[in-house]
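The structure under discussion appears below in the form of structure tokens.
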Amino acid sequence: MAAKDVKFGGDARQRMLRGVDILADAVKVTLGPKGRNVVLDKSFGAPRITKDGVSVAKEIELADKFENMGAQMVREVASKTNDVAGDGTTTATVLAQAIVREGAKAVAAGMNPMDLKRGIDKAVIAVVEELKKNTKKITTPAETAQVGTISANGEHEIGEMISQAMQKVGSEGVITVEEAKGLHTELDVVEGMQFDRGYISPYFITNAEKMVADLDNPYILIHEKKLSSLQPMLPLLESVVQSGRPLLIIAEDVDGEALATLVVNKLRGGLKIAAVKAPGFGDRRKAMLEDIAILTGGQVISEDLGIKLETVTLAMLGRAKKVRIEKENTTIVEGAGASDDIKGRCGQIRAQIEETTSDYDREKLQERLAKLAGGVAVIRVGGSTEVEVKERKDRVDDALHATRAAVEEGIVPGGGTALARASTALGNLHFHNDDQRVGAEIIRKALQAPLRQIAHNAGEDGAVIAGKVLESNDYNYGFDAQIGDYKDLVAAGIIDPTKVVRTALQDASSVAGLLITTEAMVAEKPEKKAPAMPAGGGMGGMGDMDF
């Protein structure tokens, strides 16, 4: 086992604080509308330019083991805030730095660290309640757009696009962000259920120009197994031909004689038909086929349920207004399923989302829910260069998360104002001793840190700005760093999602409290490497020999 290096008390805290400062100073330059960019070196490809706090935090690794521990703890703050709220990582980092700094001073002055932490925790609970009390719910698309615009660093186009996407797919729809191939950023909304399987054979195409198969008002056969022979389903095919409507077959696979027969019938014009493979794999495939069946009002033809192809009737098939099949995607529009059944299925999926502990499973369940309940929107981010596209994509991701958070929990005035004003809640608290009171005082000072940093990044004096803002009794009155003026921030559209502000404070105080109460640190001692052998220069003592 390698030897360990141990540091105690003030020495440990000082080393840790240096690490906290290095990471926080690199992250906090990005805060606010006039925050700067940070360039991240990559081991391959061009450097990455970003204004995303968590991306900067994740890149920082310090040589000194003790300093690195402090930096990693604050990195954890940024990551946790990002996971829960999706934005506010820089605010959380600034708060954590402020709490740790003030806390370290208090401990050095002889305060009890555990009482300080209790005071900090009590103060944070009071501030969170104050934030909730002053929260305003979002009701209009314009307010949604404002939140997106603020988080995208004042880019109005992005805010508008996110607002449109949320209107179209609803609160449970899925919105994804991708890189576009062109210069422009665009919004693409898929209505209905789309899954990533295309036609099995290009002979099913109905529109050769666009390379798609369009089926209007089709029947949909949902089969769990592979189809190799059509013999068992001939009675069903005859019924479909008599009805004069097209047929879509969704099965594990269609091959051999079955595929050849379908293609020949399609080409001769006797049967309007198309076949696609079932989406997903294993148990997820069964669940997705069940989703399609509920959406279209059909049944999954499965031998597990005792249903054989020979006994299938038209009543067991699903129906939809339109189906479009492309090379790699199939979209079912306006399925004929009963709305109560669809709602019931959505409730079932929501319950599974609540129960699952896997992020991957949660994401897949969320996608299934969106396909049933809302729809899917894709924001394709464009730009002149790859570096620009990546930087914009970071901002769009942040804006999207912030907007979702705002719809979920409401909004408060932005620009760090809500936190600074929430310190009024600390006046009525009662503490068991003076050390706990000092803990609350640490939070009171830290609450001004984001407002001061936003002002500082805009080239103003943070202390003067904070003082001027807190002089006013108007809750919405604050500093607009973009213009350098004081105004009603909510009316001006400068707003923050309550969830983002709340999460940033809770995560920052949690980790900062742990750092303050640290009394010893243990790290691996760097091994002293033995000096390398000198370059070989022949045998010594032979230089003056005669040959």
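Cβ atoms here come from the backbone N, Cα and C positions, even for glycine.
Features as listed in Swiss-Prot:
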BINDING   THR30, LEU31, GLY32, PRO33, LYS51, ASP87, GLY88, THR89, THR90, THR91, GLY415, ASP496  ATP binding site
If I restrict to non-local contacts, at least six residues apart, and a C-beta distance under 8 angstroms, what lies near THR90 (ATP binding site) in its own chain?
VAL27, LYS28, THR30, LEU31, GLY35, GLY53, ALA78
Other CB atoms within 10 A, centred on GLY415 (ATP binding site):
27
Cβ atoms within 10 Å, counted per site: which of GLY32, GLY88 has the most, among these binding-site residues?
GLY88
Listed ATP-binding residues THR30, LEU31, GLY32, PRO33, LYS51, ASP87, GLY88, THR89, THR90, THR91, GLY415, ASP496 - what's their greatest C-alpha to C-alpha distance in Å?
17
Report, as a single number, how many Cβ atoms besides its own are within 10 Å of the Cβ of THR30 (ATP binding site).
22
Using a Cβ cut-off under 8 Å and a sequence separation of 6 or more, which residues in the same chain sit near LYS51 (ATP binding site)?
THR30, GLY35, ARG36, ASN37, VAL38, ASN153, GLU391, ASP394, ARG395
